[in-house]
Amino acid sequence: MIKVAIVGGSGYIGGELIRLLAMHPEVEIVAVTSREYAGKKVHKVHPNLRGLNLRFTSDYNFDADVIFLAVPHGVSMKLINEFLGSAKIIDLSADFRVRKELYEKYYGKHERPELIEDFVYGLPEIHRKEIKKAELVANPGCNATAVILALYPFKDLTKEVLVDLKVSSSAGGRRENLPSIHPERSNVVRVYKPYHHRHEAEVLQETGVRAMFTVHSVDIVRGLLATIYFTFEGNEKDLLKRMLIYKDEPFIRLVVDKGGLQRYPDPKYVLGSNFVDLGLAYDEENSRVIVFSALDNLIKGGAGQAVQNMNIMFGLDETLGLGYYPLYPV
């Protein structure tokens, strides 16, 4: 069994890590840390996990094969020395995802820049071989995952794209703040970040394409939809062929048939799963390509992708513990 520790288990991503790993047939959870909730059973914070015999601890003195860092941005770089060399590490923060110059442009000063190059960017569909040999993996951001996977087949066709993102309330994490309380958050379609979103850095690093995000908060709890626009003179058939690079990927589904309830990707149809649904439309008259990407920000955009990376790092079937279909209806 793989002995697993989760550092920072009280947030939504931490809760999903506990849920997924508790059901994983090759995993034993040896520790879940939280300074605020140390000593309390995990279901006191994550009510859906009632019946799971785990308590939070503030003690980092554990014996683990892999450690998931599910702490806020800026915290992993402060904690990393506690764990380096003792276990494989999968970091779910932004601290080690992008090169030093990009980090400083989008986030500010990095406290451990010498470690950035030691981390593999944990997007399996692009970096599977590197992840397999890695000791340190930086889990991608949720928005970045959606956009990179949608854009990657077309990265040689354009140097610049516009990206419209519709994101859920859970994407903002669990910290209470006034805009996130129910009377303020309910029924909104709110411009959250009109430009210079931090996840643009990951897209630029991984595709070489400058992506200009405009992010809207919408009235859903989980899930996101990315709509990507660029111009290209061609035809829809050839564009669809490019997406076939994903035909053997276990967690990418191409939404190309236009019958039934789903004509294009919709986060409603991926909730609770590690799937990404990709689709495309081509406005031939205006030479405009529109690519769609939908995922669950807490699963493929977070905990699920981290478990997928763990599976690869330990030589397991990467779908292990993740091979279930989305919830429906929701």
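Easy rule for this one: first residue shown is 1, then count along the chain.
In case you wondered, yes, glycine gets a Cβ from its N, Cα and C as well.
Marked as active site by Swiss-Prot on the basis of sequence analysis: Cys142. Under the DSSP three-state reduction, Cys142 (active site) is assigned to helix.
There are 23 other CB atoms within 10 A of the CB of Ser10 (NADP(+) binding site), with all protein chains counted. Taken from Swiss-Prot, the feature NADP(+) binding site applies to Ser10, Gly11, Tyr12, Ile13, Asn297.
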Practice problem: Tell me, in order along the sequence, which binding-site residues from Ser10, Gly11, Tyr12, Asn297 have their CA within 10 Å of Cys142 (active site). | Solution: Asn297
Practice problem: With H, G and I counted as helix, E and B as strand and the rest as coil, say where DSSP puts Asn297 (NADP(+) binding site). | Solution: coil
Quiz item: Across the record's NADP(+)-binding residues Ser10, Gly11, Tyr12, Ile13, Asn297, the largest CA-CA distance in angstrom?
Solution: 17
Quiz item: Non-local Cβ contacts of Ile13 (NADP(+) binding site) (under 8 Å, 6 or more apart, same chain)?
Solution: Ala70, Leu92, Leu298, Gly302, Ala303
